[in-house]
Each structure stands twice: as structure tokens, then as C-alpha cells.
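Input: a single structure, listed below in C-alpha cells.
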Amino acid sequence: MASHVINLQQVVKSYHDSVVLDIPGLELDYGVYWLLGGNGAGKTTSMKVMAGLIPFQGDILLDSTISCNKQPVQYRRYVNYAEAEPLYPGFITGSDLVALYVKTKGKGFREVQEMIDLLGLGSFIHRPVSSYSSGMLKKVSLLLAFTGRPKVILLDEPLITLDTQSLPLLYTLVEEFHQQYGVTFCITSHQPVTAGSVRLQVQDKNIVKI
Amino acid sequence: MALSKIFTTRFYAKNTGFFLVIFYFFFGIVPGGQLPSYHFTLIKGFTGSPGFLALVCLLWLLYNLKCIAFIINILSTKEHSFLYGTLGILEGNARWRTWIWLHLTLYAPVLIYSLVSAGVALKLGFHIAALVIMLFSLLMVIAPLWIYVHKMKHPGTVFMLYRWQQWFNRTIRKPLWSFYGHELLNNNMRSLAIAKIASALIIIVTCSFMTDKYDERVLLVGILVCALAQSVLVYNHRRFDDLYLSLLPQLPVPLWKRYLQMGGLYLALIAPESILLIYKTWQQAAPIHWVMLITSNLSLLMLFRSILYFPRIDQDKYFRWVLIIIVAILFMGLARIYWYGILGMQALAGIIFYNRYYRYEAPLEKVD
């Protein structure tokens, strides 16, 4: 039996005593997934849980071997995440963040400078992020999600605040990383990012394929 | 009138705390009747000594830079761009008169005191000191005018400091462990300065108790009070991580490395008082005592930070734990079993950090 890229097992996420996610089991194979759900359904919480950013009960396995709870460092090396509304300390520069990610995540599928030029970040990457617009911040957070050699990239609302010229670029990057480098994507968005994406939906605190 | 509201009133309103502290030191610490003799002695002291006078001039210069930076910052904000179309079109004497008046309203407290000092110096026969103060004051009043006029002529000009900052950002990458240090230096300078000044005073007072007989336990008491003064900075560290560095747990960095990075940050944070401590006890203390005192301070801060990884630790609970830990270490120190205290704190901090780091979640209100 082929191993699943990501496998959520008995995942329960609560805030105080209120359960917001209860996923008995979810297996995602290699692909591009489009996570749907109304406002407040738990899409961002699901993404943060899958990224290992917030604690939860249960476990998540990557390639059936790497456990989010038992091998947190390895898991985080292979799962990248871009927040919907990234927030960084104002004094930090884009290049500080890129250097930090490259140092910890390792060499990427593509040269980071090439990606900086492609996304048009070169003109402001050395400036403190306090001078960035929300679109510039978004581009930096997307660039960070494409660093290293991830097996899974989680993109939370990647299209918001991006300018119209950057949208086709993002679609191309998703296609390229998926087709050429075998990366599985899980994307929350109100519009489909790629034509062949599989739809997931947050329903009654669970994630189901539709 | 409008310019007074924009510049002068706002300057004094913004710096009320600063002026209150200065006012207290100059007019509040001696009885009213002794004020003239107090200031006379003070002025006599710094006008009679070239080194002391240089130090005083440096302080006046720093104040002047504060005034200049305030005016430049106001001119750089979007809502005051209309000033370029009003103040910027003044010419000749009107232009210089306006700027000199504006600058004087900000620099007046120092200018008045320096002119009085020059008068006292003349009366005491310190003619060179009086001349130095007069020329220095003239420079402090005139030089900023060129900066303001240059700024008005070149609204988008990139200042030297900004250029240097750009070069620094291109060349130097800020390491992960230093982020909170940068935050303190950039956005929380007041808390950092208060904690550092308090620590320096504590070290000086503690060392003054040991003129007759050296006892490392007295120093340890001073260090414990210093750690208490820094505990606010540690509490704010969690707030900073929660608000701006939610990305940190997502990085594939081993826990031992994260723990060492935390240690590195706090070691840098306590460096000023550690250096002062070594300087003040250079003749008396054994090096092993310095190691003990610095590692005690460091271990305390690391344990304070680790406690904050427990869920629902609010300010009250945190400071309760801080006091309990300090009292426990105080008793261990008095019994001279401080090394056990250090090992215990490091073990406890390490275990809490190891078990709680990935299980920690920022309180909801902070996430919002």
C-alpha cells in the first residue's frame, strides 16, 4: 500500500473546553488540495495544526514515518506554512527572514535569489518590514513557504492582498513545485488555485473530501 | 501659534516623564533653601574640571540631538507634509527667525542652564570654561538650523543615519536569538533603560556595603534584586514572541538549540551589570564567584522564561513564581549552596522548556 503524504490521526483541537476541530482520520496523498469552509469554520486552525504551530491531541504522520509530535524537527523541515496575514517584528528585514529560513530549512529546490527576483522582492528585501505594505509582506511570507525542500506546503489564503500581476506567478509556482519537485499543497482560498485540485471542506469540526 | 502646537507643545507633552525625572534630580532632592548652593557647587564642579565639563557638554549635545530628531520626525510624517508648502516657502530672515525660535523653544531648558553656568564660571574666574560653554551653546543653537533648512529643501532626502541603517541591513543578518534584543533597542528602550539603570544602581549600592569585609553572599543578594528588576523584560519577551514570532515553532530547530539561544539572549541582556559587577569587585572577588553570580542571574532569567510556557500564566501568577524562586535561591545562597541552586534552576528550566515548548499556545486575546 502506498504511503499517504500526510495522515491526521484522531486529531482534536480545543480552545479551553471548546472543541474546534475533531478529525478522526484524514489521509492526503500526493496532490493539490483546496480547503473550503465558511468564515470561522476552522480552516486556519486546521492549517496551523498541520503545520505543527499549535498543540493538539492525536498525531499527524508525514509519509507514514515522521510524526509531528515525536519528531518535531524533522516534521517541520518538510512542512512549510504561509500565514494568511503574516506579522513580523517591524525592525526585521525581509532578508533577515529569508536568511533565517534558508539556514534552518536548508538548500531549496530553487535558488533563493532566483525566487526573490521572480517575486519582485529585490527592491525592498533589505528594508525593515515596518515599511512594507500588506501585499509586500504577503509576498515575503510566500517566498518563505517555498524555501527548503518541503514535501508539503500549506498556504493560508495566499491570494489575498496580492496584486493581479502576482497571481499567475503564484499559480505557476504551485504547478512547478507540485509537478517538478513532488510537493503536495494544501491551500485555503475562496477561488481554486489550480485546475486539478482536490476539494476538502471543514464540516462539523471535521475535514472531509468533497 | 500653529507651529507651537505642532512642535513645542507636543515635544513637552511627549517627554513629560523625562522632564519630571530631570526636574526631580535638579530641584527635588535638596531642600528649597539649599537649592542655590547645591547648583552653585554643581556648576563649580563641572566648570572647574575639563573632563567633567566634556561630560556635561556631551549630555547637552544628546539633549539637542533629541530635539533635532523630534523636529525631523515631525517633518517626515505624512500628516505634516503641508509644512513644506508653508514653512518651506519662507525666505531670508523670516525663515531663519522661525527656525531659531522653534529650536529655542525646545532647547531652552539646557540653554538657560548653560548660560547661567557660563555666568557662574566667569564669576569664579574660570574664563576658558565660560568661553567653551558660550561657544558650545552657540553651536547647539545654530547648527540645527541648517539641518532643518536642508530637510525643507529636500523632503525626500535620505539621511545619513538611514543610509547607514540600509548598509547595516544589507550586510548584517540578525541572528534568531537576537530578535528580542533588537525589539528592546528599537521599540522598548524605556523598559530596557529603567531595568539597566536600576541594576547598575543595585550593583553600586551592594558593592558599597562591602568596603570592610568581602562576602560573595552580599553580592548574590544584589544579583537576585537585579534579576527581579529584569523579570519584567522576561515577561515582555513572551508577549513579543506571541505577537510577532508565531513562526518560530514552525522552524526545524532542535530544542537544545532553542534553549541555548534563549541562554545566549539573556547572557547578552545581563552583560552590562555583569561587567559592572566585575569592575566593582575586581580587587576582592575570586573569578569563581563572578562565574557563580553571572550564572545565577542567567539561570534565574531562563527559569522565569520557562515558567511562562505553562498555560494560563498571567502577570500575577508569574510574579508570584518569580518571588518564590528568588526567595528560595536567597536561602540557598545564604547557606552557601548556591551551586546546587544554579544546577537546580537549570535542570528545572530545561525540563520545563523541553516539555512545554511545542505544547505552548499563546493566549487567545494575544493571538487576536
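Cβ coordinates are placed from backbone N, Cα and C, and glycine is handled just like the others.
Source: prediction; values computed, not measured.
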Notebook entry, point to check: Looking at B:240-263, B:288-311, which one is transmembrane segment according to TrEMBL?
Noted result: B:288-311
Check: Counting Cβ pairs under 8 Å to the transmembrane segment (B:52-75), which of B:12-32, B:128-149, B:288-311 comes out on top?
Finding: B:128-149
Next item on the list: Please work out which recorded stretch in B:12-32, B:96-116, B:128-149, B:217-235, B:318-339 has the most C-beta pairs separated by under 8 angstroms from the transmembrane segment (B:288-311)?
Entry: B:217-235
Checklist line | For the transmembrane segment (B:96-116), sequence-distant contacts whose Cβ falls under 8 Å of one of its Cβ atoms, 6 or more beyond its ends | finding: 3-4, 7-8, 11, 19, 22, 43, 60, 63-64, 67, 70-71, 87, 90, 133, 136-137, 140-141, 144-145, 148-149
Margin query: Please report, as numbers and ranges, the same-chain residues at least 6 past the borders of the transmembrane segment (B:12-32) whose CB is under 8 Å from any CB of it.
Written below: 38-39, 66, 70, 109
